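**Student:** One structure is given below, represented as structure tokens, and several questions about it will come after.
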């Protein structure tokens with residue numbers, strides 16, 4: 001806990017306040033009717049799953065009016081990351097790359113449709129059939145070109161050459177095939193297409209400056225999945241590149257599940273692994289098989305998220321495993337955020353951020369203080385009862401309660417940064433209720449030991465013989481409590497989930513403490529004279545418990561065997 005730097009649990013909105021984000025639904029051209037109750041409810045559900053996946057982060061998402069959604073993020077949460085999670089539409093497409101080059105001030109003066117720059121990546125179909133996106137430098141890009149075929153000639157550094165390269169790329173088949181490679185390769189003698197759409201896209205590509213934030217936001221705006229488009233992306237060196245992309249070959253709805261994992265085998269750091277549906281797997285295998293036969297950069301496919309290229313791996317062979325992996329300069333939070341967006345799906349509407357404000361605590365520190373005081377009073381009453389009834393045994397019970405409380409505090413503090421757990425007032429109530437559950441386990445064990453002593457056994461045998469019976473009772477009792485907490489967690493939403501989560505967590509900790517601390521400690525104390533001799537303040541005095549005297553068996557004298565009787569003399 002101290003090594004991680006998280007020494008206190010995160011508090012929920014009701015206790016510490018947080019941030020309020022107001023999002024406004026914006027209809028696309030000709031789709032004003034898309035803003036309806038069904039789509040708004042779907043958006044709320046997806047946003048809630050993104051920021052509150054386990055239901056314990058205390059984030060709240062609710063509608064306001066016909067087209068506004070308000071998201072409440074508790075204090076201590078990365079508000080910038082949360083804003084990206086809830087506002088990102090997360091429309092994912094896999095598109096073939098037709099042309100790419102460095103953009104704006106990052107350009108080196110040698111743009112061409114065959115230039116891979118610093119964002120050229122490699123997708124290899126290894127044991128797991130993962131398409132691995134590794135941002136590489138120029139040398140590695142060259143090596144990749146050699147691995148996939150003979151590199152094509154680069155066009156000269158001039159506006160005319162740039163236009164020709166882009167024009168030739170647009171002539172390429174959007175769904176590359178084995179024969180499209182030669183036609184797609186840039187040639188100085190190639191002429192611009194006369195098609196209006198092609199010319200317009202060529203102009204957009206030539207004018208696109210990806211170093212401009214506004215230009216990046218508008219790149220590919222309004223393009224349909226089955227149309228060619230332009231887009232921007234950033235490579236591992238932080239340089240912006242612009243792309244001409246073909247029609248989408250696979251879309252995000254074909255992603256069955258996504259997960260953030262730390263790749264230790266290839267030293268790629270945090271990556272996002274995706275598993276496609278059966279239909280998506282077939283599409284992915286088809287497109288990668290076609291791309292593998294092309295020359296760079298048309299052997300690359302771009303993973304496009306909300307019109308921005310997040311990865312552009314190149315392919316050396318068809319990937320048939322139905323899995324893909326996105327890697328790059330991700331940290332854990334970024335990888336988890338992307339995995340959540342891919343897993344929970346795209347928003348049905350586009351949202352614009354209207355306002356971000358700081359909200360105060362709904363209840364404040366006084367309620368938290370009152371809850372802690374109530375917990376302290378409950379704990380004190382339990383301790384007094386133990387002292388009165390169990391006397392010396394209360395030392396073991398109090399030590400066990402302190403260990404359980406310490407473990408609960410540490411785990412709550414660590415769960416904040418790991419799963420976003422936030423402590424609200426219902427969760428505090430769950431921790432208070434857990435005091436009774438923990439004390440109940442001690443009482444069951446102590447009473448079993450006392451029963452054995454009443455039967456006339458000494459303390460050490462009584463401790464060992466009582467444990468199997470007490471263990472079964474404790475496990476059954478804790479299982480029922482945990483089952484109730486699990487059902488409550490599943491069927492409820494909002495703050496009640498915090499109560500159920502805390503109750504279930506402390507129930508599991510009760511089992512750990514009883515098995516690994518209470519029982520070994522009682523076994524150790526049974527060897528001490530104070531307890532073993534049955535001192536009157538030990539709580540295990542045989543006389544006070546009404547113990548039966550130990551049973552003693554006496555041997556009856558054996559009777560002589562019957563034999564012939566000598567006759568008496570007269």
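Easy rule for this one: first residue shown is 1, then count along the chain.
Cβ coordinates are placed from backbone N, Cα and C, and glycine is handled just like the others.
Pasting the feature list from Swiss-Prot:
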COMPBIAS  104-117  compositional bias 'Polar residues'
COMPBIAS  122-146  compositional bias 'Basic and acidic residues'
COMPBIAS  147-161  compositional bias 'Low complexity'
COMPBIAS  172-196  compositional bias 'Low complexity'
REGION    104-198  region 'Disordered'
REGION    540-570  region 'Disordered'
TRANSMEM  370-390  transmembrane segment
TRANSMEM  395-415  transmembrane segment
TRANSMEM  419-439  transmembrane segment
TRANSMEM  474-494  transmembrane segment
TRANSMEM  498-518  transmembrane segment
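I'd like to know what surrounds each of these features in this structure.
**Tutor:** Taking Cβ pairs closer than 8 Å, the transmembrane segment (395-415) reaches residues 1, 4, 6-9, 56, 379, 382-383, 386, 421, 423, 431, 434-435, 438-439, 442, 446, 502, 505-506, 509-510, 512-514, 517-518, 521-522, 525 in its own chain, all 6 or more past its ends.
Panel annotation: around the transmembrane segment (419-439), residues 9-15, 51-54, 56-59, 74, 76-77, 363, 367-368, 371-372, 374-375, 378-379, 382, 386, 397, 400-401, 404, 408, 412, 477-478, 481, 495-496, 498-503, 506-507, 509-510, 513 of the same chain, lying at least six beyond its termini, place a Cβ under 8 Å from a Cβ of the stretch.
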**Student:** So what's near the transmembrane segment (498-518) in sequence-distant terms, Cβ-Cβ under 8 Å and 6+ beyond its ends?
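**Tutor:** Answer is 12, 54-56, 58, 396-397, 399-400, 403-404, 407-408, 411-412, 421-424, 426-431, 433-434, 437-438, 441-442, 445, 471, 474-475, 478, 481-482, 484-486, 488-489, 492.
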